[in-house]
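Peer 1: The feature compositional bias 'Low complexity' is assigned by TrEMBL to 394-404. The annotation region 'Disordered' is assigned in TrEMBL to 361-404. If you look up TrEMBL, you'll see 12-31, 43-63, 91-110, 117-138, 184-203, 230-250, 270-295, 336-357 marked as transmembrane segment.
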Amino acid sequence: MRLAMNPARKDLLLLAGFAAAVLAMPVWLTPFGAAYPDLLQKFAIYGIFAIGFNILFGLTGYLSFGHAAFLGVGSYTAVWCFKLLTMNVLPAVLCGMAVSGVFALAIGYVSLRRSGIYFSILTLAFAQMSYNLAYSVLTPITNGETGLQITRTDARLIDTWLSGPSDAIPSTTLFGIPMSGYPGFYFCAVMLIVAFYVAMRIARSPFGTMLRAVKSNQNRLNYTGVSSRPYALAAFVISGLFAGLAGSLLAVTDPLAGAERMQWTASGEVVLMTILGGVGTLLGPVLGAVIIKYFENIFSSFNAQTLHDFFGFLPDPLEDVAVAVAGLFVGDGWQLTLGLMFMLLVIYLPGGVMEGIRRTGRALRRRRPGTSSGQARGSPAQQDRTQAGGGGTRRASTAAAASD
């Protein structure tokens, strides 16, 4: 008889496997042409962004269309830390998370007075207000359309105090290690692993259970005398902290902050990442982020010459037609490809990529040699004993399966 694995051991193995896969990305992504540092950094950063969004949407069911505001606030705060304090990335990351968390607390306190579509509209309104403020009104702070950048003449008080003035071109570092190329990726990768571990602990904790109760039946929870709003607000702030971390890491790898990071399209992108990978799962949001950023990199780089080379085997009239049609879905129009892929996934795999993986695993287990349908179901006596155990066993099994 197969014994169930201890949940703590299962989580440890999941974390170890995830960490190994993330740290080995430069190796196993090489055959896919995705092993260069800039793209790997995006995988890790947007994976953090999606993990944080999933804590809110996946556990509580609150759909926010304003998380790009926290991403942008984290970036702006990090760049200001580089300009005023030091090019060391740790103060920038910590300050970016802190300011984004305070911003999320203010927005969440107002938005969570409503639920459902009204909550989503409120978060979208706050995000667009933030974008417009950053783009025009707050130009002295954000540098408006040009974006906030570091310069040689910035104060950098801590760096000047420690090593004196310098005319060198400033670059982000971690105690002297440049945060460009693969060192920058591995710093982001470690942050992704830490974010994944925190999300796992939240999901497995009593706090995570309360968040799922908010999602399943908020009214019933309120009738028991437990207010759901503090739990939802806490999830909103935690999610904002993750977004601030992602935004500050964007500034670490590229010391520039622009208002476009606060646009509603960035908020919609993280929603797509989470749904594509699997809402409420641990691995799904990261997979969704990797898939979307990979296809963005591939399809957005196509141009007319690339398409002519690809369809060169066709006769000239057919080649021109094929290039004209395919050109609608690549380059600047790569979002059409993403939209079609998303539509097909929602229709055939509403649970996202993780549902597809689970279906494949079940199909492989059914086809395993030596496993008959009778063995899979168990003997009649075993079925009687299982049924006699009551609904608690079935509920526990269902809950365990849903949390993976």
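Placement of Cβ uses the backbone N, Cα and C atoms for every residue, glycine included.
How buried are the listed features, and what sits near them?
Peer 2: Residues of the same chain lying 6 or more positions beyond the ends of the transmembrane segment (184-203) and with a Cβ under 8 Å from any Cβ of it are 11, 14-15, 18-19, 22-23, 25-26, 37, 40-41, 44-45, 47-48, 51-52, 54-55, 59, 89, 93, 172, 174, 178, 211, 238, 242, 245, 249, 252-253, 282, 286, 403.
For the transmembrane segment (336-357), the list of distant contacts is 272, 275-279, 281, 283-284, 287-288, 291-292, 295-296, 299, 328-330: same-chain residues at least six beyond its ends, Cβ to Cβ under 8 Å.
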Peer 1: Quick one: find which recorded stretch in 43-63, 230-250, 270-295 has the most Cβ pairs under 8 Å with the transmembrane segment (117-138).
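Peer 2: Comparing 43-63, 230-250, 270-295 against the transmembrane segment (117-138), the winner is 43-63.
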Peer 1: Other than its close neighbours in sequence, what residues sit by the transmembrane segment (270-295), given a CB gap under 8 Å and a spacing of at least six beyond its ends?
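Peer 2: For the transmembrane segment (270-295), the sequence-distant neighbours (Cβ-Cβ under 8 Å, at least 6 residues beyond its ends) are 14, 18, 32, 34, 39, 42-43, 46-47, 49-51, 53-54, 57-59, 63, 65, 67-68, 192, 196, 199-200, 203, 334, 337-338, 341-342, 345-346, 351-355, 402, 404.
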